[in-house]
Amino acid sequence: MAAGSAIQIPTRLPLLLTHESVLLPGSTMRTSVDSPRNMQLVRSRLLKGTSLRSTIIGVIPNTSDPTSDCDDLPNLHRIGTAALAVQVVGSNWPKPHYTLLVTGLCRFQILQLLKEKPYPVAEVQQLDRLEQFTNGHKSEEELGELSEQFYKYAVQLVEMLDMSVPAVAKLRRLLDNLPREALPDILTSIIRTTNQEKLQILDAVRLEERFKMTIPLLVRQIEGLKLLQKTRKSKQDEDKRVVAIRPNRRITHGSITEDEEEEEDHDDIVMLERKIRTSSMSEQALKVCLKEIKRLKKMPQSMPEYALTRNYLELMVELPWNKSTKDRLEIRAARIVLDNDHYAMEKLKKRVLEYLAVRQLKNNLKGPILCFVGPPGVGKTSVGRSIAKTLGREFHRIALGGVCDQSDIRGHRRTYVGSMPGRIINGLKTVGVNNPVFLLDEVDKLAKSLQGDPAAALLEVLDPEQNHSFTDHYLNVAFDLSQVLFIATANTTATIPPALLDRMEVIQVPGYTQEEKIEIAHRHLIPKQLELHGLTPQQIQIPQVTTLGIITRYTREAGVRALDRKLGAICRAVAVKVAEGQHKEAKPDRAEVGEGEDCKEHITEDAKPESISDTADLALPPEMPILIDFHALKDILGPPLYDMEVSERLSQPGVAIGLAWTPLGGEIMFVEASRMDGEGQLTLTGQLGDVMKESAHLAISWLRSNAKRYQLTNASGSFDLLDNTDIHLHFPAGAVTKDGPSAGVTIVTCLASLFSGRLVCSDVAMTGEITLRGLVLPVGGIKDKVLAAHRAGLKRIIIPQRNEKDLEEIAAHVRQELTFVLAACLDEVLNAAFDGGFAGRARLEHFNSKL
Ligand code: ADP
């Protein structure tokens, strides 16, 4: 640095003309040089010079160098800065130029221009006495004060900067070490100033004047900095506050609404915490919840986990940890409720009452889970609902049909996106008490999949030894299910996983007879439908014979669901009529009544209300009550869906009626056989299972071996029935898979009819497994099968002898209408199936039902 080194600048200085920037003594500047004169100066003086003096040039500010060296030199600024060229860098891109790094030494004044070309050279006078700086100017009072003031400002300014930056620390040190006189120039070049201001400082040759001019610049800079720091600080504070409450929060609203929202959220969390603390959850659950709420408080709301945790905590609070309804168990009342709600089902009601009686005697029964098994629509669900009613408990139905994922039962772990608790916990949340009646509907329709076996998850739920600490994956804490009363329903036990079946007590709920259905319809279904449709018994009348018509011609089911639907359809149609009638004038004329009759709405004599008589005061339209007879039935429900087709279908040899059992109840099944020329092949159609196919082979083998005895021949008269003959057996309802051994006797009868050419009696149905030796073995589902035959209007039923005991379950009036043949061997079956018996040695036994 020039200061203190007592440099004397040469009196003749080559001049570098600059326009853009102002170099002040004590500062350094990089400048680009490309005009011809300046380039020349660099080339001939700086690059060629060898001494230190040759690197000293005069930098003239505010004077643009002419672009061509033929142009005249412009007016030069009077005062310039003598500078030391520290570095010269040349480049040819984009055009030849040099970049000079120059350090200002001191001011000078041009006395006389000595030459203009190739670069200007002038005789100069040094203005700042460089050596004088070191001695100081302390003598002058005013200057002293000014410089002191300047120094303070300078210190204040520098201290406002970040002292951790090395350059700032160095500057702070320089402030103390440098002579005060050098400070105005140095600080002016550091602080933010315009070129114009710098030029003024350069022109301020007198030191006092220079101090005076630079102080306002310093003050301005200090104020600017203060302002900047203030806004920065307030922003930082705000940022800090936001971070403290909820970092990363998106600012979408105005600050006021955002604050409000924050407050609200905060309040919510506080509320939630209070709820958790006051809830009666288990100790383990409380611990988990408090931990989670602690996490929640620290979590930004935008985090996906925030909502997840919050939902979890809300569920935990909502769960009925300790809330239960009080059981009001009184067996007599329970019996009345069950009887009132359901007709028939004696066996089921008896067992349910036993179950409830034991519960009454012994609180906290860890008894078996009841499982009602029976065809659809026989009232399994509604008995479950009645049980809840008798106990005064909440009822919740959990449909398990098609559930194939164990997390449906046990919930998803909370790490999953969209995880939820399982159906059991959800059900508890819905009912809000911990001792509801849960009806696990359709446990036989649970499916397995890759996501695990839901039946296995149910095992834990249903096991009284385990379910006091059932752990749902979502909750991840144990919940006591021991107070919940589980009842299961199924259509068949065949598809219930054995381990699950083992935990349950199966109660069979068989289908209903026609008579039972009629009673159910008139006692329960019709009143319920009337109420549903806003009708009264004065407006509609459905005689029992119509109900029977609906049961036989429009439904074919073991339960009463379709019947209920049809009754609903009738009520809807009547509701339209009634509503139309209400719009009519209160006093319609007689012609309308006549029309009404034509429209198949008849009024029976006894049902005719007073209002239809001559009384003028009519409360109801005259055609009330609307009587539903067969015409009306056809009008509303359309043509009958099922006809009594049995006798028609048995008009050819080779057809016999079998009885089948399906989860939907019993069915009658027409087995058909035909023969044709061929190579002795047996064709079976109708989607048969392996067992049924084997029955067909057994039947043929038995017939072939007994062909002579029964005089059965093929088309060419041979006793070898398959000689040049193919047989085709078909089981209708081809779309439904059938299996089981009970069709054995039917196949034999059907083939015997085919080969003998005789017709099977049209009112006989049969069921029974056969053996190769011609014995008839017992089969299952007798009650359902008998009811199906009864529904279809058949009169005689051939069943295996060893199934005799099953007949006791059948209602007496049904037994009275049927004749049962108990067969021990196939001889007996054939004898009973054909009018006048079947040739061959046989023992025929008619069983007239007197059980
Ligand atoms: P499931 O569960 O066996 O499939 P539901 O319990 O849903 O059958 O019964 C269907 C309808 O039939 C219900 O409206 C029910 O009230 C009625 N129902 C069935 N059986 C009876 C009965 N024995 N007495 C009265 N109503 C019955």
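Including glycine, each Cβ sits where the backbone N, Cα and C put it.
Predicted automatically and left uncurated, TrEMBL annotations should be read as such.
The model shown is predicted, which means the values in this text are computed figures rather than measured ones.
Between the listed ranges 126-146, 231-251, 588-608, TrEMBL ties the annotation region 'Disordered' to 588-608. Only Pro376, in sequence order, out of the recorded positions Pro375, Pro376, Ser742, Lys785 have a CB under 6 Å from ligand 1. Applying an 8 A CB threshold to same-chain residues 6+ apart, the list for Lys785 (active site) reads Leu659, Ala660, Trp661, Gly666, Ala765, Thr767, Ile797, Ile799. Taking the recorded positions Thr381, Ser742 in turn, the residue surrounded by the fewest other Cβ atoms inside 10 Å of its Cβ turns out to be Thr381. Secondary structure from DSSP puts Gly374 (ATP binding site) in coil. Same-chain residues that are not part of Gly374, Pro375, Pro376, Gly377, Val378, Gly379, Lys380, Thr381 yet have a Cβ within 8 Å of the Cβ center of the ATP site turn out to be Phe372, Thr489, Val509, Ala558, Gly559, Arg561.
According to DSSP, Thr381 (ATP binding site) is assigned to a helical segment.
Taken residue by residue with DSSP, Ser742 (active site) is part of a helix. Taking the Cβ of Pro376 (ATP binding site) as centre and 10 Å as the limit, one finds 19 other Cβ atoms among all the protein chains shown.
Note: the Cα of Pro376 (ATP binding site) and the Cα of Ser742 (active site) are spaced 22 Å from each other.
If you take the Cα of Gly377 (ATP binding site) and the Cα of Ser742 (active site), they are about 25 angstrom apart, rounded to a whole number.
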